[in-house]
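Student: So that we are looking at the same thing, I have put the structure below in structure tokens.
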């Protein structure tokens with residue numbers, strides 16, 4: 001059906017269409033319209049506007065055709081044509097900095113191997129404050145509700161805890177013993193592998209879970225937080241049990257150090273979030289990019305500082321043992337969860353989450369403890385290698401499982 005409009009209506013329509021984009025621009029918003037929408041439609045309904053005559057002049061009459069076909073107008077039929085979106089700001093982009101973390105880990109590893117001086121300035125004295133900053137970021141992005149999530153799925157929390165502080169230490173003891181007995185490596189190397197197995201879960205496991213199964217990210221945070229909070233007692237005790245007969249372990253010193261590096265920063269972040277929400281909201285957008293840079297230094301520096309040991313004849317053997325330890329931990333967490341939650345509706349997602357929790361350790365904490373409480377620098381080599389291996393293996397699984405999920409759906 002066609003309608004003949006008057007010249008006055010034509011002028012009004014043309015002026016309206018000409019002024020509308022300016023009003024949109026001035027409000028700093030972008031309409032979700034294709035570029036040619038203003039020349040093809042009126043404001044009230046999907047209409048096609050064609051001039052009757054191709055002779056120039058403002059007295060041309062225009063025909064308006066009412067149409068129900070949005071596709072020929074260049075619009076998505078299921079979309080809201082008047083939806084408004086904001087232009088992403090620098091702060092918004094900074095909030096998403098964590099999305100490049102896997103690439104940053106790989107890049108810092110390669111850079112540390114190719115040009116070690118790029119990270120050697122980040123000496124061992126910076127490890128403790130760097131790890132403390134990451135813990136502070138965890139605290140400021142959490143609240144008491146995150147910890148209360150533990151009571152909703154106690155069975156999963158218990159299984160994650162068993163994986164962290166029973167399955168993993170047993171694997172660490174086996175591979176640490178094999179390093180000394182079978183591969184004839186120095187005793188401090190075996191002690192370093194055992195130390196890695198005694199620390200709490202890595203915060204990167206929370207992000208890995210978020211990338212593959214966002215719905216279980218809160219559960220992952222609770223499991224990691226509980227293992228981190230209790231590490232103040234469990235890690236020194238396990239270290240004494242597994243390493244004490246081989247090397248002296250300062251239990252009191254470890255407890256004090258974990259309190260300062262882990263518990264205090266998390267508590268500070270929680271308190272700041274609770275008591276001064278405006279301050280925490282102001283600094284929260286900057287934490288992802290700072291955390292990524294912090295993690296890059298924490299991954300590259302241990303590798304660069306121990307480059308001679310890593311590239312030594314027994315460096316490949318240590319790399320093999322650490323890789324096998326993490327691979328065994330990933331597999332143990334995956335299949336143990338599958339046997340316990342085989343009938344759960346989200347069994348596969350639970351398997352992936354518990355696999356991350358068991359396979360990814362806070363190797364930075366192990367490195368900080370090795371640097372501070374063991375005189376032999378060889379103890380720090382397995383944690384340094386573990387930092388890189390654990391990160392690369394974890395995010396490789398993220399890529400594999402994400403692709404698997406997309407193919408399933």
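Cβ coordinates come from backbone N, Cα and C, glycine included.
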Student: Of 75-95, 285-305, which span is tagged transmembrane segment by Swiss-Prot?
Tutor: 285-305
Student: Pick from 149-169, 170-190, 338-358: which range has transmembrane segment per Swiss-Prot?
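Tutor: The range carrying the transmembrane segment annotation in Swiss-Prot is 170-190.
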Student: Among 43-63, 316-336, find the range that Swiss-Prot records as transmembrane segment.
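Tutor: Spelled out, Swiss-Prot records transmembrane segment over residues 316-336, not the other listed ranges.
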Student: Of 360-380, 381-401, which span is tagged transmembrane segment by Swiss-Prot?
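Tutor: It is 381-401 that Swiss-Prot annotates as transmembrane segment.
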Student: What stretch in 100-120, 170-190, 191-211, 221-241, 285-305 has the biggest tally of Cβ pairs under 8 Å against the transmembrane segment (381-401)?
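Tutor: Per the Cβ count, the answer is 191-211.
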Student: May I ask for the residues of the chain that lie six or more residues beyond the transmembrane segment (121-141) and have a Cβ under 8 Å from a Cβ within it?
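Tutor: Cβ under 8 Å, 6 or more out: 203, 221, 225, 228, 257, 260-262, 264-270, 272-273, 280, 283-284, 287, 290-291, 294-295, 297-298, 300-302, 304-305, 362, 364-365, 367-368, 371-372, 380.
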Student: Which one, 100-120, 221-241, 253-273, 285-305, 316-336, has the most C-beta pairs under 8 Å toward the transmembrane segment (191-211)?
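Tutor: It is 221-241 that shares the most Cβ pairs under 8 Å with the transmembrane segment (191-211).
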Student: Counting CB pairs under 8 Å, which listed stretch among 170-190, 253-273, 316-336 touches the transmembrane segment (221-241) the most?
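Tutor: Ranked by Cβ pairs under 8 Å, first place goes to 253-273.
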